[in-house]
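Report on the following structure.
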Amino acid sequence: MKYIGAHVSAAGGLANAAIRAAEIDATAFALFTKNQRQWRAAPLTTQTIDEFKAACEKYHYTSAQILPHDSYLINLGHPVTEALEKSRDAFIDEMQRCEQLGLSLLNFHPGSHLMQISEEDCLARIAESINIALDKTQGVTAVIENTAGQGSNLGFKFEHLAAIIDGVEDKSRVGVCIDTCHAFAAGYDLRTPAECEKTFADFARIVGFKYLRGMHLNDAKSTFGSRVDRHHSLGEDNIGHDAFRWIMQDDRFDGIPLILETINPDIWAEEIAWLKAQQTEKAVA
């Protein structure tokens, strides 16, 4: 079964994220459990936790259908020790918040070397950051997102994801989230069914589908291989409809959150309905 949704706002309380997801007929959703542009947040109250869990139960969302995202400020591969420690502490806090909320996944961007250390050293720092966080938490899987490769961001090659996973001690609590816009901008073609087959054959060989714990379904304003991260609505730009139809018809993408981060929230309900319909359309050639 496909779990299809969007990254919804938690404004006014975390429980509102589940309510907003239900309003667009989503069977999955993503959210921030704190302000994503601030380092610190007040601890979760018992009331907030209880209300969130109650809303998820009311609208039939299990932890397998929810893909929280951490703060954009965190850089688990930071070259400077003091800044790295700050990011690690913030990431542990994000993992602990997920633990408190009964969530089992935390999606994050891997990190950036800032042109100060090698890619290899940065990837090793990211893996060690994950190890530290896993050691201090229980039940939450660290889900590494591929990136478009803007600036010095790592994670734009499948090999980067594989290297991080290789350095994580508890392989049962690490996974990946593939963002279609990021992959396309990083040079993984998705414009035709044949290109989708090739890209995900590479993914299967280098990373492995057993580590796929979520996806972000976004078309790309950015051009192929541009290393620029610019999302668009499904079928409206450089990737086109075929990739998303192909994903909907492949059972390797069952049972994980498939999350829209497309640019127009007003049409998320339409995009979700379209994605659901593709599961029973004539198979992509």
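Any Cβ shown, glycine's included, is placed from N, Cα and C.
Under the heading Zn(2+) 1 binding site, Swiss-Prot lists H69, H109, E145. Look at Swiss-Prot and you will find E145, D179, H216, E261 tagged as Zn(2+) 2 binding site. According to Swiss-Prot, the feature Zn(2+) 3 binding site maps to H182, D229, H231.
Annotated features taken from Swiss-Prot, shown on the structure.
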residue	record	DSSP (3 states)
H69	Zn(2+) 1 binding site	strand
H109	Zn(2+) 1 binding site	coil
E145	Zn(2+) 1 binding site	strand
D179	Zn(2+) 2 binding site	strand
H216	Zn(2+) 2 binding site	strand
D229	Zn(2+) 3 binding site	coil
E261	Zn(2+) 2 binding site	coil
Chain-mates of E145, D179, H216, E261 with C-beta within 8 Å of site centroid, Zn(2+) 2: N107, N146, C177, I178, T180, C181, H182, M215, N218, I259
Which are the residues of the chain, H69, H109, E145 excluded, whose CB is within 8 A of where the CB atoms of the Zn(2+) 1 site average out, their centroid? D70, N107, F108, V143, I144, C177
Roughly how many Å separate the Cα of H69 (Zn(2+) 1 binding site) from that of D229 (Zn(2+) 3 binding site), to the nearest whole number? 17
Shell of the Zn(2+) 3 site beyond H182, D229, H231, same chain only (C-beta within 8 angstroms of their C-beta centre): T147, A148, D179, C181, A185, H216, N218, A220, S222, R230, E261
Cα within 10 Å of H216 (Zn(2+) 2 binding site) is the criterion; apply it to the binding-site residues H109, E145, H182, D229 and give the hits in sequence order. E145, H182
List, in sequence order, the same-chain residues at least six positions removed whose CB sits under 8 Å from that of H231 (Zn(2+) 3 binding site)? C181, N218, D219, A220, K221, E261, T262, I263
Going by Cα-Cα distance, which of the binding-site residues (D179, H182, D229) sits nearest to E145 (Zn(2+) 1 binding site)? D179
Far apart in sequence but close in space: which same-chain residues, 6 or more away, have a Cβ under 8 Å from D229 (Zn(2+) 3 binding site)? T147, A148, Q150, C181, H182, A185, S222
Given the binding-site residues E145, D179, E261, which one has the fewest other C-beta atoms within 10 angstroms of its C-beta? E261
Given a 10 Å Cβ-Cβ cut-off, pick out the one of the binding-site residues H69, H182 that has the most other Cβ atoms nearby. H182
Taking only the CA atoms, the spacing between H109 (Zn(2+) 1 binding site) and D179 (Zn(2+) 2 binding site), expressed in whole angstrom, is 11
